[in-house]
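Feature list (source: TrEMBL):
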TRANSMEM  6-27  transmembrane segment
TRANSMEM  39-58  transmembrane segment
TRANSMEM  78-99  transmembrane segment
TRANSMEM  111-132  transmembrane segment
DOMAIN    155-338  domain 'Calcineurin-like phosphoesterase'
Amino acid sequence: MIAVLLSPVYILVVLYILRWNLWWFAACGSFFRKKAFRFLYSFLFLFVSLSLVIAFFIREPSLKWFFKHLSNYWLGTFLYIVLTILIGDILRFILLHCDRVNKIKLRSKKTFLLCGAVVITLITALSTYGIIHARTLKLKEYEISIDKPCAAGDLKVVLIADLHMGYSIGHRYIEKTVERINALEPDLICIAGDIFDNDYDALDDPEAITAALKSLKSTYGTYACWGNHDIGEKILAGFTFGSEKTLEDDARMAELLTNADITLLNDEAICISDSFYLVGRRDPDRVKKIELTRKSPDELTASLDKSKPILILEHQPRQQSELAAAGADVQLAGHTHNGQMFPGNLTIGLMWKNPYGLEEMDGLYSIVTSGVGIWGPNMRVGSDSEIVEITMHFSEET
């Protein structure tokens, strides 16, 4: 619905950008003022701009794959085109109203060409960096101390989230991620939701992905919870379109996890090695879409032995105070992507108590990862694709 409401604005912005492009090319020489060039460039620009709409409606698999990839690269580039042109227009407006500025030079063809070249260079550099950086996996390490005894001793926990397997994330990237995780020799592996990107049919090789995930190695196994994108739903420009007719809990997603020996925790707790609890929560947005219920923190921990460490695995980093009051010690989450792309990384903190990283809240350690995958634009700028390694220390038994 959001995408539908924003579509008129998107079209106007695209046309505005196209106008500026044609003006700049026209200033470059007579060849670029020819009708044939203007028509061809306009057609190609609009074709790429509308690729996200074409990808939404087209059904033929190979064509859908092409337009999905094209639109995901375009979305990131479009963001930086808008930002650079907007900043340029604002600066131009300010300078035109500044008495000390030479207005003739500011309006000159030379200045116009130079500014356009700077904008193109900046957009190209940011987009290229973002595409490469999105596929660069980093390791983030945390060390925490929990004032409870754990019979299993210190734990090395690996947290990943937001794989968003689908058109942007395929089996080769998953294989690379698994290889990096296994090299850490973890005791426990936790996957905090958004394993899929709304469309199971978008997986490039389900069997290879299953085999890769099944090869994850740890002392106590691999556990996961669902995220808001782990459901069959249409996507346009990253926004979902759910309805009573089209929305479905795609059983193939759970089946893939089962075949990969990943234990899915749906509002349930498991006591591992009689030493600590791992509690997996349902995602609040997913619950609303498929009419399920979600337990409160108190309901989740009511029957647990609170003298043992309690780890909460959930997709969205919410209810930290309530979880702490219910006896939880650690919250492991994702969802935020740490904004994924500048300037989102600067504004994400306005929406979340802990948008990224490690925060201690009311005695609860809240750990939020930026994720290993990407959502929407096939880029990362100002955030990292990461695997999180958490070393957990515990108090001595009395």
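Each position is counted from 1, following the chain as shown.
Each Cβ is built from the backbone N, Cα and C atoms, and glycine gets one as well.
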So if I exclude everything within five residues of the ends of the transmembrane segment (6-27), which remaining residues of that chain have a CB under 8 angstroms from its CBs? That is, six or more out.
33, 37-38, 41-42, 45-46, 49, 81-82, 85, 109, 112-113, 116, 237
Under 8 Å Cβ-Cβ from the transmembrane segment (111-132), and at least six residues away from its ends along the same chain, one finds 23-24, 27-28, 73, 76-77, 80-81, 84-85, 88, 105, 341, 377-381
For the transmembrane segment (39-58), distant same-chain residues with Cβ under 8 A (at least six beyond the ends):
14, 18, 21-22, 25, 64, 67-68, 70-71, 74-75, 78, 234-237
On the domain 'Calcineurin-like phosphoesterase' (155-338), the mean of the pLDDT values is 94
